[in-house]
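Straight from Swiss-Prot, the features:
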type	residues	note
BINDING	11, 12, 13, 14, 54, 58, 162, 168, 171	ATP binding site
REGION	19-24	region 'Involved in allosteric activation by GTP'
BINDING	53, 73, 134, 135, 136, 137, 138, 139, 140, 141	UMP binding site
């Protein structure tokens with residue numbers, strides 16, 4: 001069976017690395033995620049990763065508490081680098097050649113982000129983990145995921161959610177009548193104000209015709225199911241739904 005997507009970017013929340021603790025980095029949890037990614041990688045799919053930093057730091061609440069927003073955001077970017085290094089180590093543990101590239105140069109721990117080098121790594125079947133956001137404050141890691149996916153010409157962004165199995169018209173944890181969407185267009189997401197990604201990230205994905213698949217990462221095997229075209233979660237694309 002052939003994969004539906006040949007090159008993907010997986011977007012993980014920082015909280016996904018925290019496990020049941022909710023904060024920090026839980027190594028067994030990271031290793032479990034890395035194992036799933038490694039199993040997909042064996043099929044020949046080219047994989048890049050963007051990981052948030054919310055398990056270690058959140059810039060907006062810090063700014064609300066009085067910290068300078070720019071400094072708060074830079075602090076968060078460093079958190080994403082920590083997550084990237086830990087994930088890369090876990091992927092190496094499963095025999096996957098992995099590189100970390102950061103938008104802020106820190107040559108002693110990672111490569112600087114260079115698009116051509118990232119593409120070469122992917123073509124050589126290495127996984128690339130992008131850290132430090134886009135290197136500028138005020139931009140989320142969702143926007144980083146959309147931008148890097150466009151730059152590496154990814155077929156899809158896999159938005160791996162913590163315990164959420166797709167996109168709903170209301171919060172399913174608060175509304176028992178919430179309805180899940182199987183398919184949406186990027187335009188519908190923006191028009192309805194659905195909080196999948198921020199508006200900048202949604203617009204980037206729409207303008208560059210990149211599919212977005214939102215699914216529950218807590219169910220083992222779901223990454224592989226998405227890559228091979230099984231209909232789980234919610235698919236967002238530019239195709240008009242029937």
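In case you wondered, yes, glycine gets a Cβ from its N, Cα and C as well.
Everything Swiss-Prot records as a feature, shown here on the structure.
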{"residue": "11", "record": "ATP binding site", "DSSP (3 states)": "strand"}
{"residue": "53", "record": "UMP binding site", "DSSP (3 states)": "coil"}
{"residue": "134", "record": "UMP binding site", "DSSP (3 states)": "coil"}
{"residue": "140", "record": "UMP binding site", "DSSP (3 states)": "coil"}
{"residue": "162", "record": "ATP binding site", "DSSP (3 states)": "coil"}
{"residue": "171", "record": "ATP binding site", "DSSP (3 states)": "coil"}
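As a whole-number mean, the pLDDT of the region 'Involved in allosteric activation by GTP' (19-24) in this prediction is 91.
Counting only same-chain residues at least 6 apart in sequence, those with a Cβ under 8 Å from the Cβ of residue 134 (UMP binding site) are 103, 143, 144, 147.
If you take the CA of residue 54 (ATP binding site) and look 10 A around it, you hit none of the binding-site residues from 136, 138, 140. Shown in sequence order, 76, 77, 133, 143, 144 are the same-chain residues outside 53, 73, 134, 135, 136, 137, 138, 139, 140, 141 whose Cβ sits within 8 Å of the Cβ centre of the UMP site. Counted over every protein chain shown, other Cβ atoms within 10 Å are most numerous around 140 among the binding-site residues 140, 162. Neighbour counts were taken as the number of other C-beta atoms within 10 angstroms of each residue's C-beta; across the binding-site residues 53, 54, the minimum falls on 54. Fewest Cβ neighbours within 10 Å among the binding-site residues 13, 136: that distinction goes to 136. Assigned with DSSP, the residues of the region 'Involved in allosteric activation by GTP' (19-24) fall into helix, strand and coil as follows: 3 helix, 0 strand, 3 coil. Other C-beta atoms found within 10 angstroms of the C-beta of residue 171 (ATP binding site) number 10, with every protein chain shown included.
Rounded to a whole number, the distance between the Cα atoms of residue 140 (UMP binding site) and residue 11 (ATP binding site) is 12 Å.
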